[in-house]
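Enquirer: Following this message is one structure expressed as structure tokens.
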Amino acid sequence: MRHSVITIVGILVLSLVLGACASQTASEPAQPADAAAEAQEPAAAVEEPAVVEEQVSGPLTVLCGPQEDWCQAMTAAFQDQTGIETSYVRLSSGEAVARMEAEADAPTFDVWWGGPSDGQVEAFTKGLIEPYIPANAALIPENLKDEASGWTGIYVGALGFCSNQDVLDELGVEAPTSWDDLLNPKLQGNIAIADSRTSGTAYTSLYTLVLLRGEDGAFDYLKQLDSNIFQYTKSGSAPGTMAASGEVAVAIIFSHDCVKFREETGANLVVSFPAEGTGYEIGAEALIKNAPNPAAAKVWMDWALTPEAQAVAATVKSYQVPTNPETIVPAEAISLSQVNLVDYDSIAAGEAKSALIERYAEEVREGAAAPES
Amino acid sequence: MSEFIALRLREFRRLTQDGWLSLGFLVSILFLAFFIIFPLGKILSVSLSSEAVPVYQRLIAGRATWQVILNTLKMGLGTAFAGTLVGFLFAFVQVKLDVPLKKFFHLISLLPIISPPFAVSMSVIVLFGRSGLITKDLLGLRYDIYGLDGLILVLTISFFPVAYLTLLGMMRALDPSLEEAATSLGAGKWRVFRTVILPMLVPGIASSFLLLFVEALADLANPLLIGGNYTVLASRIYMSIIGEYDLNAGAVLSLILLVPTLLIYFIQHYWVSRHSYVSITGKPAGYSRPLQSKWVKWTLFTVCLLIAALIVLIYGFIFVGAIVKVWGINYELTLEHFRFVLLGYGSKAMTDTTLLSAIATPIASLMGILIAYLVVRRKFIGRNLVDFTSVLGLAVPGTVVGIGFILAFNKPILGGLVPKLTGTALIIILAYVVRSIPASVRSGVAAIYQFDPAMEEASSSLGASSATTFQRITMPLVRPAFLTGLIYSFTRSITSLSAIIFLVTPQWRIMTTQILNEAETGRFGNAAAYCVVLIAIVLTSIGLMYAVVGSTTGAERMIDI
Amino acid sequence: METATLMLENLVKTFGRKKDVQAVNGLNLEIHQGEFVTLLGPSGCGKTTTLRMIAGFESPTSGRILLEGKEINEIPPNKRPMAMVFQNYALFPHMSVFENIAYGLKVKKQPQDQIHEKVEIVLQLMNLVGLGDRMPHQLSGGQQQRVALARALVMQPKVLLFDEPLSNLDAKLRVQMRAEIRRLQQRLGITTVYVTHDQAEAMSLADRIAVMHDGQIEQIGSPVEIYEQPASLFVADFIGKANFIESMVEDSSDDHISLELFGNSLTIPTGNHTYAVNDRVYLIIRPESVHLSHKEGAFSGEIKQAVYLGSTVEYEVEICGQVISVIIYDPQEGDKFEEGSRVSVEFSANSFHTLPRK
């Protein structure tokens with residue numbers, strides 16, 4: 001280690017501006033799941049990356065929406081398989097759009113992978129997306145992709161309430177089964193949710209409420225809810241860790257994240273859903289306009305739809321429902337058919353996002369920065 | 001007037017007669033101008049441009065802005081007060097009490113200096129949070145550590161060493177004969193303390209208070225992690241840039257943060273330090289008699305011991321966090337986190353950060369010594385400006401440096417002579433250097449003041465050029481200061497977060513931002529393992545630098561601050 | 001005419017933001033080849049600043065410094081063929097005695113064997129044989145001083161500069177080093193400028209002494225001239241002790257003047273000044289030129305204070321309301337007087353010296 005560091009020091013000064021690092025030697029993929037191995041259908045999609053591999057080279061920079069460990073596993077798997085040197089930055093939806101907007105002339109990223117499609121739609125309306133239909137997108141059901149705005153779904157998950165049963169018992173509260181349950185004064189300071197300005201997860205909940213209660217009704221509700229909120233986090237899944245550690249009783253997050261935290265921590269977490277209906281996300285991928293390396297981005301996008309790539313999720317305990325029907329659905333995944341889903345139109349959600357976020361910032365958050373006492 | 005110009009010309013000619021040394025001076029001065037003055041000017045111009053008008057309107061209209069400013073002030077004052085108190089206590093115990101464990105107390109107070117950001121916050125959350133090991137499991141409390149109280153606690157622990165070291169130096173330099181004089185005039189111990197010692201230390205106390213206030217205002221890591229919904233200016237700036245990517249708002253908020261910070265810093269730097277009664281470098285003129293009162297002695301000792309125990313607990317618990325499955329929930333032992341950081345995906349952050357810091361360190365130290373030499377030994381117009389600028393890098397909050405860098409270097413400048421620097425590793429190195437230079441300059445200035453200029457004149461009189469003199473006489477004599485500069489620069493770089501958080505690129509992973517990512521997404525185990533590894537790297541590097549640079553000339557003495 | 005090795009012309013040096021501190025104020029000085037000149041004066045008189053301008057550490061605000069007729073104002077110190085010995089020796093603490101002495105030669109890139117040879121020679125010359133490997137902090141003050149001198153001498157400078165080099169030594173060592181420096185300088189014949197505030201040091205070392213006051217030279221001359229014919233009150237007072245007696249000219253001829261002294265009349269040689277009748281003057285007499293006795297004499301005074309110092313006795317004697325200092329060397333039985341006793345005071349006319357009084 002030290003030896004290599006010393007060697008690098010010498011040449012580094014020259015190569016700094018390039019920002020490149022030595023590409024890893026492509027070793028045999030220490031490949032993830034048994035699930036993936038079984039799903040080795042000889043679909044055209046699987047072959048494709050292997051063919052293009054010859055011409056396409058790195059570096060590829062992925063804007064990654066889901067949790068760190070999934071991002072890591074995905075980029076590592078992709079790099080192992082294609083030899084394309086890949087790095088990622090994890091950004092929440094709001095951050096992603098803001099960043100892409102700021103560097104529209106010279107984007108850092110090639111592809112946006114993961115996070116509710118509302119974000120991709122919003123980015124598209126702002127002219128930040130270059131529509132690209134992956135070669136194997138035909139495999140994906142119609143309602144999980146949108147050719148016009150150029151995104152393709154990679155996973156689906158429903159929003160839910162992630163409660164720590166121990167804390168609930170302590171407070172003498174049942175796991176919430178409706179949005180109104182969350183307004184229970186006993187839960188004061190015991191709910192965590194992300195900030196809709198940054199988090200796509202939180203925006204999904206905001207838009208869900210708009211669908212259920214109308215815009216004004218949704219904001220009235222959120223303002224009421226504010227007194228029960230312990231903390232607004234930046235990233236969408238972070239409230240789940242607070243529920244797991246018992247800092248709060250209830251986290252409003254995607255249900256699959258709750259399962260992930262339960263699996264990982266062994267905390268006594270229970271998932272429940274609002275009876276009135278809940279929103280869901282279609283985790284999407286899209287090509288970024290003026291991407292520095294569109295060729296590699298396309299290889300990534302094609303690959304990401306393969307059962308093999310989608311199976312990586314389960315290896316890091318991310319139990320979203322994969323969009324490719326050929327991917328084995330992990331047993332831990334929450335079956336969406338058992339949940340009362342609202343009629344969530346992510347195109348409309350994405351188009352309304354900018355305006356809603358502005359109102360949200362004004363009415364819910366800027367007013368809420370008062371000290372917690 | 002023409003005489004004035006002729007004199008300046010002569011000064012300038014003298015400066016250029018120094019061979020490669022002149023080049024060094026030129027590079028250093030250009031560096032200061034280009035990487036400190038220019039980015040700050042950019043913030044100023046953006047935040048005072050017409051584009052910023054809507055931002056002001058929004059900020060002034062929003063109730064939250066005033067709340068944020070109020071929050072920031074409360075946090076700064078609270079930290080300054082508590083930190084100075086704890087620093088005073090530790091220094092007093094060190095100098096005035098004859099109690100055991102003094103060496104231990106000293107080392108404990110240095111620990112926060114080399115530790116990465118977040119470390120204290122994470123540990124405190126897991127220990128004292130709502131489901132904290134101590135608060136919940138031991139005391140059965142559901143205590144809410146997020147917010148002002150938690151912030152003041154972690155900031156006090158993080159920054160009290162600043163007060164401790166300042167006051168320690170002052171107390172040691174206090175002439176014991178003053179105390180003896182007061183006693184011989186019939187004053188009791190308490191009276192001596194109140195009427196002689198305390199007034200003499202007022203400049204030190206004021207200076208610690210102001211420095212801590214500034215440090216607290218500038219801190220980003222802790223407000224992000226333990227601030228909860230308690231927003232302060234630094235975290236608000238972070239939100240503007242990272243969350244909203246609104247550079248205008250970032251610039252405006254930076255200006256709001258910058259003005260009081262700079263003002264207070266320079267009050268401290270130029271005013272308080274000038275009203276000091278004791279010189280920090282002075283040698284004690286005698287032996288200070290330890291305090292005799294048993295009651296006072298053991299009370300102070302106990303308080304000190306409790307605080308030290310708390311610090312040990314907090315840092316020890318980070319190590320625990322690194323080797324258990326899920327910190328705070330599942331205490332099964334595992335090496336998984338270390339495997340991730342040392343061998344797995346996280347190892348790139350470790351090597352990248354170490355490498356970039358290692359490159360920045362010698363640059364910052366060398367430039368620091370050159371600037372110190374220039375400021376102390378050379379006469380030229382603008383000398384005070386150079387001095388002032390070199391201190392700026394320390395006085396300006398890291399977040400502000402980061403935003404300044406983005407604004408200044410996100411496109412090619414000087415007609416393409418300097419390419420776009422954002423997105424490269426170079427800009428991270430430059431940010432490290434800017435943050436590290438001030439300390440190098442200050443230790444250099446102190447060291448150069450300490451030796452007789454006749455030494456250099458002698459060399460010159462024996463026929464050596466300025467460059468030769470610098471190389472053969474000055475450098476060897478300031479080697480201890482150089483080593484201090486190296487160690488400080490490296491530590492400061494590798495633990496720096498606020499200055500580089502807006503500059504990180506996907507290709508170069510930085511440990512501190514990685515810790516933030518891991519902590520924010522609740523993966524405290526990896527974050528804790530990073531912290532442990534980071535501390536280990538710092539300690540190892542200090543050892544290495546001793547071995548390479550500080551073999552003789554009593555450098556060791558300097559480091560034992 | 002002898003070639004002047006070093007010449008200072010109208011040298012001016014001002015300090016301060018507004019150039020309001022005049023350190024050196026129009027100084028003129030000519031130092032001849034091989035001459036030993038001391039700049040003598042109280043602190044703040046500009047002597048060190050003058051020396052530093054000669055060495056090149058300060059640049060003159062105006063005026064010229066000429067070495068062998070060539071102006072050297074803008075030549076940096078390392079290019080001037082001079083070597084300086086500093087007050088605190090300024091030995092390089094990180095180098096051995098040998099390395100210290102060899103430093104200048106190494107800088108000049110002289111061959112190793114020559115360096116060795118030359119250093120050995122000065123080590124012998126300075127009585128430092130065997131100390132070459134010591135570090136400076138392992139040496140006594142006197143040895144350090146000798147190393148500093150050796151380090152300057154080894155460069156074979158055209159001009160040797162000393163900045164109060166003996167002020168950190170104890171009294172005995174100082175006298176010894178004084179002799180050593182004088183011996184070396186005479187043997188090597190190097191033009192030397194030596195700054196000191198110690199008049200004994202100046203008198204014992206110098207060919208000529210330049211007494212400085214307020215940035216100017218008050219008087220320059222051999223030690224004897226300076227002592228016996230001080231050109232100003234300042235010089236008279238600074239060099240040794242002197243009694244100043246206010247007086248008036250009663251009569252003046254070509255070679256003699258008559259003055260009033262404690263009610264008597266005194267006639268002395270005119271000296272350097274010409275006076276008219278009724279001019280106000282100071283009569284100056286050194287304490288050791290005044291004699292006391294029990295016999296009846298022209299002047300009678302009262303002993304106000306007597307201080308016995310072994311080799312001398314110092315008296316303060318009041319005559320006609322004025323107090324005169326008197327020093328008697330090697331006091332015998334008859335030279336001891338009680339405080340309060342009356343004595344007769346004798347002056348020899350040739351010991352008097354006059355200066356105009358404004």
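Just so it is clear, glycine is given a Cβ too, placed from its N, Cα and C backbone atoms.
Per TrEMBL, the features are:
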type: DOMAIN; residues: B:69-268; note: domain 'ABC transmembrane type-1'
type: DOMAIN; residues: B:350-545; note: domain 'ABC transmembrane type-1'
type: TRANSMEM; residues: B:20-40; note: transmembrane segment
type: TRANSMEM; residues: B:75-95; note: transmembrane segment
type: TRANSMEM; residues: B:107-130; note: transmembrane segment
type: TRANSMEM; residues: B:150-171; note: transmembrane segment
type: TRANSMEM; residues: B:192-214; note: transmembrane segment
type: TRANSMEM; residues: B:247-267; note: transmembrane segment
type: TRANSMEM; residues: B:298-324; note: transmembrane segment
type: TRANSMEM; residues: B:355-376; note: transmembrane segment
type: TRANSMEM; residues: B:388-407; note: transmembrane segment
type: TRANSMEM; residues: B:413-434; note: transmembrane segment
type: TRANSMEM; residues: B:481-504; note: transmembrane segment
type: TRANSMEM; residues: B:524-549; note: transmembrane segment
Enquirer: Short question: which residues 6 or more past the ends of the transmembrane segment (B:150-171) have a Cβ under 8 Å from it?
Expert: 75, 78-79, 82-84, 86-88, 90-92, 94-96, 109-110, 112-113, 115, 117, 120-121, 124-125, 128, 200-201, 203-205, 207-209, 211-212, 215-216, 219, 222-223, 226-228, 230, 232, 276, 278, 280, 310-311, 314, 561
Enquirer: Tell me if the transmembrane segment (B:75-95) touches the transmembrane segment (B:192-214). I count contact as 3 or more CB pairs below 8 A, with pairs 6 or more residues apart.
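Expert: These two stretches do touch.
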Enquirer: Could you check whether the transmembrane segment (B:107-130) and the transmembrane segment (B:388-407) come into contact, where contact means at least 3 Cβ pairs under 8 Å with the two residues of each pair 6 or more apart in sequence?
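Expert: Stretch pair does not touch.
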Enquirer: In terms of Cβ proximity under 8 Å, which residues at least six beyond the ends of the transmembrane segment (B:247-267) contact it?
Expert: 40, 43-44, 46-47, 51-52, 55-56, 58-59, 69, 72, 210-211, 213-214, 217-218, 233-234, 236-237, 240-241, 391-392, 394-397, 399-400, 403-404, 406-407
Enquirer: Look at every Cβ pair spanning the transmembrane segment (B:388-407) and the transmembrane segment (B:75-95), keep those 6 or more apart in sequence, and say whether at least 3 of them are under 8 Å.
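Expert: Per Cβ check, the transmembrane segment (B:388-407) does not touch the transmembrane segment (B:75-95).
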Enquirer: If we skip the immediate neighbours and take only residues 6+ beyond the ends of the transmembrane segment (B:298-324), which ones have a Cβ under 8 Å from one of its Cβ atoms?
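Expert: Cβ under 8 Å, 6 or more out: 86, 89-90, 92-93, 97, 99, 101, 104-105, 108, 111-112, 115, 119-120, 122-124, 126-127, 133, 157, 330-335, 337-338, 524-525, 527-529, 531-532.
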